[in-house]
Amino acid sequence: MAILVIAEHDNSTLKGATLNAVTAASQVGGELHLLVAGEGCGAAAEAAAQVAGVSKVLVADNAAYAHQLAENLSKLVAELGKDYSHVIAPATTTGKNVMPRVAALLDVAQLSDITAVESDNTFQRPIYAGNAIATVESLDPIKVITVRGTAFDAAAETGGSASVEAVAAVHDAGISAFVGEEVAQSDRPELTSAKVVVSGGRGMGNGENFAILEKLADKLGAAVGASRAAVDAGFVPNDMQVGQTGKIVAPELYIAVGISGAIQHLAGMKDSKVIVAINKDEEAPIFQVADYSLVADLFEAVPELDAKL
Amino acid sequence: MKALVAVKRVIDYNVKVRVKSDNTDVDLANVKMALNPFCEIAVEEAVRLKEAGTVSEVVVVSIGPKACQEQIRTALALGADRGIQIETDEMPESLGVAKLLAKVVEEEKPELVILGKQSIDSDNNQTGQMLGALLDMPQGTFASEVKVEGDKVNVTREVDGGLQTVALNLPAIVTTDLRLNEPRYASLPNIMKAKKKPLDVKTPADLGVELKAHTRLLKVAPPAERQAGIRVSSVDELVDKLKNEAKVI
Ligand SMILES: Cc1cc2nc3c(=O)[nH]c(=O)nc-3n(C[C@H](O)[C@H](O)[C@H](O)COP(=O)(O)OP(=O)(O)OC[C@H]3O[C@@H](n4cnc5c(N)ncnc54)[C@H](O)[C@@H]3O)c2cc1C
């Protein structure tokens with residue numbers, strides 16, 4: 001049986017996390033189908049058909065799927081999913097929102113946030129804020145899975161030539177509605193796929209001070225992240241939180257500034273290739289995972305670093 | 001209107017868990033246990049809705065061995081009115097938990113069911129959504145704001161791109177994110193009062209639910225350790241290392 005991957009997209013383009021999920025699916029092995037559900041999502045479906053390794057794209061284009069409302073989308077995915085061995089989505093907030101509903105409708109478990117594929121029914125996933133890695137075997141006929149993007153390379157965006165098929169089924173549960181959104185606009189790279197991430201913590205003192213990190217980030221072509229404490233204090237918006245319960249990042253270079261290194265923060269960044277920590281407290285736990293530790297006042301060190309790059 | 005809050009007993013968030021040497025599981029012997037932080041936020045939200053006059057009764061439910069009564073009492077001390085424990089020897093999988101909760105919802109008929117978005121042990125982030133599917137109820141997951149308006153609830157959600165607001169028909173499910181509220185501390189008189197609040201104990205059989213294993217845990221291993229790095233004495237040295245040693249800039 002084939003594998004169904006749920007594409008994350010904005011109707012015109014595929015989100016990067018979709019490509020990581022495709023790679024995880026290809027490691028399971030089998031024919032790959034990609035579902036693009038949205039409204040006016042033809043362009044995203046065309047992009048999906050180009051992805052290497054995908055043989056068929058299913059397009060569900062209807063107002064009911066416009067905002068990926070879990071109540072509607074889960075019914076569609078569960079209905080389609082009956083004919084697949086695996087239903088796989090990126091572990092983004094959309095995937096996390098929809099997929100457990102799909103699993104429950106299919107009366108199967110969900111394996112959340114997998115980081116490795118051992119076989120078609122056995123997977124690894126982090127538990128306890130990444131302080132343990134569980135190897136879990138699914139006993140279900142259909143495996144519902146979300147994929148941690150940083151654990152799998154992105155599939156090639158081009159090279160495929162999948163057939164595109166429209167899905168007629170429309171599921172409008174009629175119990176929820178989209179009201180509005182506040183989407184952060186930024187010219188910087190997306191946090192979870194950036195090659196360099198500069199993150200600030202409570203040590204930044206206030207939101208205005210994040211300007212020095214943004215300046216450094218722009219020089220490095222980096223995304224800007226934050227600790228929970230910085231978000232809770234209102235310095236920066238929630239979508240910048242890195243950690244166990246925020247975003248997972250694994251860039252080439254992670255620079256933690258004024259962040260103490262609580263286990264919940266480490267859970268979101270300790271798979272980064274190179275970690276730099278700048279903190280004035282030489283006992284800060286962040287230094288235990290840092291490749292390069294600089295004990296310094298960030299308000300002196302960050303502008304100096306910026307100037308010397 | 002009634003609010004039902006589901007809570008879980010988990011390892012205290014300050015504890016760094018260790019893996020057992022035989023790699024069968026993590027070692028929870030003599031480890032400090034607590035109310036899952038997201039569940040605490042869920043209790044706080046329900047209590048605030050009660051204080052605001054929106055909710056008339058807050059019922060907490062927890063599933064697990066007898067020890068989870070401790071966490072029910074904590075929730076009662078925070079202001080919940082009564083508790084239900086569903087006694088199981090071990091913690092069921094998320095789908096089993098959702099099936100048990102679905103039965104409790106059918107009995108209690110709450111208008112709002114509030115849960116944490118994830119428990120900090122299994123990190124699954126599933127139960128609320130599964131419950132929604134089983135009951136065909138709408139969900140507002142990862143909530144940072146909950147506003148009941150007439151026969152609807154507006155939930156603002158923390159999503160990857162920022163914030164999204166959805167309107168849900170009641171009864172509805174809400175799962176909490178970190179910014180929804182800052183839970184209060186239970187006062188000593190309230191801790192004493194909580195001991196006298198009603199706490200019902202039921203079994204899965206009472207609810208007519210048969211729990212089934214959908215997964216098998218084969219192994220639990222510690223994560224790859226990072227090599228300890230070096231301390232640089234100046235920004236110049238840092239720049240040099242990043243350029244010439246790590247070659248990342
Ligand atoms: C359920 C739950 C989930 C959580 N999820 C997350 C999560 O996803 N992500 C996350 O990050 N946290 C999370 N946390 C919170 C976590 O436990 C910590 O509280 C948080 O990470 C601390 O943030 P911080 O390091 O910025 O602040 P602090 O711990 O206060 O550290 C601030 C640091 O800044 C340094 N500093 C101060 N001034 C300066 C200066 N001038 N120059 C240099 N250094 C300076 C200090 O020495 C200190 O080390 C979670 C907690 C719970 C309970």
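Just so you know, glycine gets a Cβ as well, placed from its N, Cα and C.
Feature list (source: TrEMBL):
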BINDING   A:R202, A:227-228, A:241-245, A:258-265, A:N279  FAD binding site
DOMAIN    A:3-182  domain 'Electron transfer flavoprotein alpha/beta-subunit N-terminal'
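Structure with TrEMBL features highlighted.
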residue	record	DSSP class
A:R202	FAD binding site	helix
A:Q241	FAD binding site	strand
A:I259	FAD binding site	coil
A:H265	FAD binding site	helix
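Taking every protein chain shown into account, A:Q241, A:Q244 are the binding-site residues, and of these the Cβ with the most other Cβ atoms within 10 Å belongs to A:Q241. For A:A262 (FAD binding site), the number of other Cβ atoms no farther than 10 Å from its own Cβ, over all displayed protein chains, is 19. When the C-beta distance to chain B is held to under 8 angstroms, the binding-site residues A:R202, A:Q244, A:I259, A:A262, A:H265 reduce to A:Q244, listed in sequence order. Averaged across the domain 'Electron transfer flavoprotein alpha/beta-subunit N-terminal' (A:3-182), pLDDT in this predicted model comes to 98. With respect to Cβ neighbours within 10 Å, the binding-site residues A:R202, A:H265 differ, and A:R202 shows the lowest count. A simple way to gauge crowding: the CB of A:I259 (FAD binding site) has 31 other CB atoms within 10 angstroms, across all the protein chains here.
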